[in-house]
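A short worksheet on the structure shown next.
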């Protein structure tokens with residue numbers, strides 16, 4: 001027995017170190033019972049509590065096995081990419097692929113397709129988003145997709161936005177999870193009913209996008225001094241849609257629970273990090289929703305997926321910054337996905 005205890009103790013110690021920088025905080029909840037029901041926590045902010053929390057994220061990650069066939073671990077679609085913006089959909093799709101999705105699709109405009117194809121032969125690129133038949137063309141692929149990431153590199157062209165509205169409606173009709181970022185959030189601010197009360201939607205606004213959504217949905221900007229209450233209120237107003245407010249500390253809420261991810265990141269704020277997050281989140285949402293109930297221990301699959309995606313994105317940023325400093329780019333961060341994933345979830 002003594003020989004077996006050593007490796008387990010070392011594993012717990014390594015996990016505790018990672019968890020000290022990836023703390024989870026819950027707000028606006030009755031103490032005790034809800035904490036235990038949601039995350040099996042027994043003593044707030046202890047190392048054991050944090051280990052339990054990250055273990056729930058680890059639990060949703062499917063094991064690698066030779067018994068699976070291509071596609072089972074995730075087929076993710078990214079809707080976005082236009083003449084001006086080709087990097088964002090690539091960042092989202094390749095991040096999903098590197099996290100563990102078997103296939104990544106990009107549905108973009110005809111002009112953007114050759115550019116995105118040139119970035120990587122590993123992505124499946126569909127030049128349909130500006131077509132008159134765009135909704136039908138994407139809808140044909142929906143039965144083969146596990147999650148849709150909407151918004152990276154989308155732009156605000158009226159034709160594209162109208163097509164995306166139809167794609168969102170078709171995705172909801174098929175009960176497909178949707179992660180909405182960037183100009184997808186601008187569209188939601190104009191038409192909140194598109195995702196109202198859709199429980200498989202996750203919004204990932206930054207500070208500016210969050211304020212825009214709050215003004216559209218709540219008719220005013222919420223009190224910025226209480227980020228946790230602000231995110232909770234926006235989620236509730238949207239019908240308990242999961243909201244991830246990106247910031248110095250990422251705040252996540254489904255209107256019932258509020259989580260705070262304090263995983264250490266870096267001070268570098270280059271464009272594209274949100275695309276890494278949204279692509280990662282697409283995969284983790286798929287895994288979380290398909291995990292056995294005992295794996296999540298009764299907690300919200302989407303909250304766990306969001307916490308995992310935020311933690312991984314921050315860890316990638318930290319590792320890239322340690323190597324490249326001020327010159328760090330999102331490409332550098334994407335190169336860290338494998339090592340960061342292993343450090344957080346497989347050690």
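Including glycine, each Cβ sits where the backbone N, Cα and C put it.
Taken from Swiss-Prot, the feature (6S)-NADPHX binding site applies to 153, 206, 207, 208, 209, 210, 211, 212, 275. The Cβ neighbour count for residue 207 ((6S)-NADPHX binding site), using a 10 Å radius over every protein chain in view, is 13. DSSP assigns residue 207 ((6S)-NADPHX binding site) to a helix in the three-state reduction.
For 246-250, 265-274, the entry in Swiss-Prot reads ATP binding site, with the evidence type sequence analysis. Spatially close to residue 266 (ATP binding site) yet at least six residues away along the chain are 317, 318, 320, 321, 322, 328, judged by Cβ distances under 8 angstroms.
Annotated domain 'YjeF C-terminal' per Swiss-Prot: 53-344, in sequence order.
Annotation source Swiss-Prot lists N6-acetyllysine at 67, citing similarity to another entry. Non-local neighbourhood of residue 67 (N6-acetyllysine): empty, since no residue in the same chain at least six residues away has a C-beta under 8 Å from its C-beta.
Residue 85 (phosphotyrosine) counts 20 other C-beta atoms within 10 Å of its own C-beta, drawing on all protein chains shown. Summarising the annotation, Swiss-Prot assigns phosphotyrosine to 85 and lists similarity to another entry as the type of evidence.
The transit peptide annotation in Swiss-Prot covers 1-46.
There are 31 other Cβ atoms within 10 Å of the Cβ belonging to residue 275 ((6S)-NADPHX binding site).
Residue 248 (ATP binding site) sits 24 Å from residue 153 ((6S)-NADPHX binding site), taking the C-alpha atoms as the reference points. Ranking the binding-site residues 153, 272 by how many Cβ atoms sit within 10 Å of each one's Cβ puts 153 at the top. When the binding-site residues 153, 207, 209, 274 are screened for a Cα within 10 A of the Cα of residue 85 (phosphotyrosine), the ones that qualify are 153.
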